[in-house]
Structures are given as C-alpha cells and as structure tokens.
Amino acid sequence: MAADSREEKDGELNVLDDILTEVPEQDDELYNPESEQDKNEKKGSKRKSERMESIDTKRQKPSIHSRQLISKPLSSSVSNNKRIVSTKGKSVTEYKNEEYQRSERNKRLDADRKIRLSSSSSREPYKSQPEKPCLRKRDSERRAKSPTPDGSERIGLEVDRRASRSSQSSKEEGNSEEYGSDHETGSSASSEQGNNTENEEEGGEEDVEEDEEVDEDGDDDEEVDEDAEEEEDEEEDEEEEDEEEEEEEEEEYEQDERDQKEEGNDYDTRSEASDSGSESVSFTDGSVRSGSGTDGSDEKKKERKRARGISPIVFDRSGSSASESYAGSEKKHEKLSSSVRAVRKDQTSKLKYVLQDARFFLIKSNNHENVSLAKAKGVWSTLPVNEKKLNLAFRSARSVILIFSVRESGKFQGFARLSSESHHGGSPIHWVLPAGMSAKMLGGVFKIDWICRRELPFTKSAHLTNPWNEHKPVKIGRDGQEIELECGTQLCLLFPPDESIDLYQLIHKMRHKRRMHSQPRSRGRPSRREPVRDVGRRRPEDYDIHNSRKKPRIDYPPEFHQRPGYLKDPRYQEVDSFTNLIPNRRFSGVRRDVFLNGSYNDYVREFHNMGPPPPWQGMPPYPGIEQPPHHPYYQHHAPPPQAHPPYSGHHPVPHEARYRDKRVHDYDMRVDDFLRRTQAVVSGRRSRPRERDRERERDRPRDNRRDRERDRGRDRERERERICDRDRDRGERGRYRR
C-alpha cells in the first residue's frame, strides 16, 4: 500500500507538472515555431522515457497514447504515463485534487471544441480553391512519414514543413495568422495525423494497453475518457472524409497532368516572374517536396530542374489580386492560333505603314467628356496657336498623329490621324470648356480618323523620353507639344491593338490625299497623265508680252490656188521700197513692223506723223505723199533697195484683196478703238463725280463771298433806312415845334 500511495503521488505530481508547464496561453495570438518546437521535443522525450520505463516494468502500469488532437492540453496529461487511481480509500486532499483535475479537463474540452470549429472553418476556403498544391503536399507528407515511434523527430519535421510551406506561398504568408491560431493550442494538426497513422499501424499493441488501462481506471476517469474518445472518434471520421476528398482531388489532378503530357504541350505556361518560390508553387510528377528545408533537398530540386526538358506548369496562387497583370500576362500565355497571330501581325504592319514619316503631337484635354465626344464624332478643336501648327504639319507631312491624354488621368486615351485641315463655319460642337473659357477662343474644327481608342497607362511608357522636350518623359508636355518621330512611333506601338478599327480604309485615305496633293504642285517634272509639250515648238505668240490675244491666221486649203478667182496671199503684198510702207491701205502711213508688232501708242504716233491717206482708185501710185528731194546721184537711176528686198518685186494688189485683208487686219484696230472708247467712258464716269466735287469745292468760297456781300448789303440798307427814319422823325418834330 505504501508503494501504491507513493506511485499515486508521483503520478499526481506529473499531471500537475504537465498542467503548469505545457498548457499554452489561450489569449496569445502569436505563433512562435521555435518555442513550440522546444515544447514538442520536451514532450516527445518525456513520452519516450516513460514508454521505456513501462516496457522495463513489463507493463505493470502501462500508459496510453490516446488518439486525441495534439492541440488539446488533455492529450499531454493523458499520454504522459498516467497512473489511474481509484477514489476508494483516498484521503480528502487526494479526492479534492481529483475533482480539480476533472474540472480542468472539462474546461479544456470545451475550449478545444471551439478552437477545432474555428480551425476547420479557416481551412475550408483553402479546400475550395481550384488549385490543389496544398492537398498534394499533405498526401506526400503522409506517405513520407516513417512508422517509428520517435515523436520528437516527427514533430520537428512537421514544424519544418509548416515553415517551408509558409515561405513557398504568398497566400499562405498572408494567412499565417490563421495557421498561428491553430498552433497556439499546443501542437500542429499534422502531428495529429502522424499519431493517427502511428496508432493505425500499432493497433494491436494499443488495444492491449487500452484494455489494461480500462481495467484499472476508476469510474470517474472512465466517463471522462469515454467522452474524449467519442469526440476523437468524431474528429477521426471527419478527418477520414477530408482525406478521402483529398485523395480524389489528387487523382483528378494527376489525371489532368497525364492528359497534358499525352497532348504533348511543349510550351511553358509559366510567367518569367513566377520562378521564385514566394509567388508560386511548382510540381513535378513522381517527386514529393517534403519542405524539410535541408541542403540536400534543395540540391535535389536544382538537379531535377536541370534534368527536366519541359518546364513545369506553375499555378499562380495570387488569384484575384492580379487584376492589373491580367490583361498582359493572360494574353501572353494563352496559345494563339496561327490565324489570330497572322491578323495581329498584319495589323502591326499596317500600323507601322501609317506611322511612317509622320509627325506626332501630344493633345492634352481638360476632361474625359471632350475626348469621348471626339471619339464619337471624329472631330477635334484646339487653340488658334496649335491650329496653325497642325495645319502647317498637315500640308507638309505624310501623316499627322494626335496622341490624346486627359490631365491627371495617368493614361493616354488613344491616338488618331488628322484627315483634313481646320474649317470654320460648320455646325457648332458643344465642347465642355473650363470656367472662364468661351467657345470663341477655340480655333476651327479638325476632322480626325481614330487609329486606337484604347487606353495606355503612363507606367507602360515610362522608358520613353521626348528629345524635343528636353528629354523629359513622353507623358510630360503641354497641349500641342510635338514628339520626336522615333519616340512617337514606339509610343503608338505600345497601345493595345484595337480590332474595331479598319486600318485599310485609313491607308486608302492616306494614298488619296497624297495623290491629290501631288497633282497641283509638281516639283519640276510633269506628271505621267499630263501630255508633255515640247518647249522648242512654242508659237511666237507665247513669247509676245504685249500680245494678250490670239491673232487670226488665214490658212487656205490646197485647192484654193486652183480657183479661177484666186488672188495671192495679201500678206505678201507690195511694199514701197523707199518708204517701207504698206501701199493702198486705209492708214498707209504706218510702217509694217509698227503695224504688226507695235503697241497702240506707237501706232497712233506713226499715224499722226504721216499725211492723209490716198484715195482708193483712179490716182497714180503714191500721189498724196510728198516725194523727198532726190539726191543728184539718184536723178537718173532708181533708188537702191531697202530693208525688205523680197517684198519689192510684188505687183499692186486689186481692191477686193485689199478690202478682204483690211477686214481681217482691221479687226484688231476696231477692238482697240472699242476698248479705248469704253475705257474713256468708264474713266469719264469715274471722273465725273470727282469733277463735280472739285467744282463744288471751287464754288464754295464764291458762294460764301456772295453770301457775305449780300449780308453786308442788307446791313447797309438797313442802316440807311434807320438813318432816314431818324432824319424824318427829327424833321417832323421841328415842324411841330415851330
């Protein structure tokens, strides 16, 4: 009995020691893996020593490693070689200690239920995710566990696995507080699975220990143990169901991987930035990552990566947090068909053709409404300074590209091409103007063709600088800032392609505009469609400055010479060899060269210098012209020929020919006379009001003088009348006095 009471006291002291040392603080929310690992190692070493003692004593007082959650403080007290003592024949103090122990167990059971519910609810979101790397790791951990009863090694491995798993996944790092709350209860859930598998493998031995313990347990302890075992059985059933679900999901995942291998996908769906373990978790078939964190495992991983020819499929755990990278990375990694690639390549080549030799201008808008209006109507208005600049660029450049950006938006809103110069007087466009600015301050309206209506963030163009704006980033600039050709081209190519735009029509417009502009301004060479005219075959009228009208020519048909009434060409009529005058003309005193090529003033001067014309018929040749006194040398000889010898041998022309020739050649003179008269009339009409004004101005002083003289005469007459009246009055008064 003395030995039994001593053993009972030792057991109670062990239980109290476990309670005081191993119960974690429930309010502590931080998880320290090192301190937890130290506690687990102490606990494992105690269990190992106690088990060895129980084997040495041939299981006289065997202990039980009950299948309970390690997170419960009850498991540590039950598994530490507990001595079951009946309450019969105990003292009052011992009985009170037993009651205190039972109340503490019940409290801990209630706390464990709450913690278990919270931990299970925190794990559910991870199970519902489509990616299943965490489930595969759990299965691999269960396979990799050895059946050895060394609890300290298993617990250390589990802690290392938890640490490496948290470092591999950014999601698990974000949710480390939830995992920490699970660990605060005293141990990790994975060690619970290790104890369960150990109990399954050593089932026979545990059954014997349980039978011996039940025989020795008291009534109160049996009730507590039965309640705990029922809860543990329920938890085991839940865990088995979870494990079955995990195994099914693992099989589905492995089947998917086999299908992908059979299809022979030789491309890498992994982004270059996701190679680091902190962003993604990668898997390989036939390999298990235990996450032990040792150097050997790291070397094996590196060797596997070098030996592998096909890149592994990497599952991005970031989920919905990658909202910005969705548009870029999703399109990069999706496998495009050859037709889609060809269409995009064709679009890029067309865009490069449009941007070739273009001029680029940055357009800054004050609000999104104006840009939306421009996208809808295809028009734009700017200040007169920029309007003049854009008009000059449109005339000189092949294309003018406007890159739009709303102030303080952080993005470019698209780019368009000018399709016309600015025009005024059309239907007004209701722009949204800032305070203090009226629509009259804007210039004309440009028509534009949009090339891309999609947006481009400034962050995508941070590497581009504008040499024409002091090498500042291309996003910086005032409204109308011109961008250098290479910089503008690269900026436009950064925009996402806009499939709603038909670049073929835009190219057609460009060619039409270039053709229209090339026709009026041919640079030194005639166009292909314009007939080439030989410069050497120009008519002499083209060189005549004074001859603004085309002179009539008489071109006779070849049969004209055989007519019976044929007369010689009047252009070759006889010319007086002495005076070089055209004979028998109406104005015969005018020289031929003056008559043909001289101006009207020369003609009038010659006409006034000569005498009156001769009569038409019945008179000797040249009777009205005074013959100059003959030189003695020419008295008996004919005078020498003059300047035009070919005309000297012709005979006199009859009157009909002279009249016909006169009708032709007098046309010009009649026109000149008509113009002179009309000009005189018009100038006279214009001069008449001037002359009237001058006459009025001249007459004004005369009229003023006349008026003044009249006024003076009237004043004189009035004074005379007054004087006469005075004299009369005086005379009459004198008469009355007498």
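For all residues, glycine too, the Cβ spot is worked out from N, Cα and C.
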Site from SER35, SER119, SER276, SER287 that Swiss-Prot describes as phosphoserine, others unannotated there: SER35
Secondary structure content of the compositional bias 'Basic and acidic residues' (690-738), with strand meaning DSSP E or B: 48 helix, 0 strand, 1 coil
Shell list (RNA; ref centroid = CB of LYS364, SER365, ASN366, TRP380, TRP431, ASP479; cutoff 8 A): ILE363, ASN370, VAL371, THR382, PHE404
Densest Cβ neighbourhood among SER365, ASN366, SER427, SER438 (recorded positions), 10 Å radius: SER365
Distance, SER438 (phosphoserine) to ASP479 (RNA binding site) (CA atoms, angstrom): 17
Rounded inter-Cα distance in Å - SER365 (RNA binding site), SER427 (phosphoserine): 21
Integer Å distance between the CA atoms belonging to SER427 (phosphoserine) and ASN366 (RNA binding site): 22
For ASN366 (RNA binding site): DSSP state (helix, strand, coil): coil
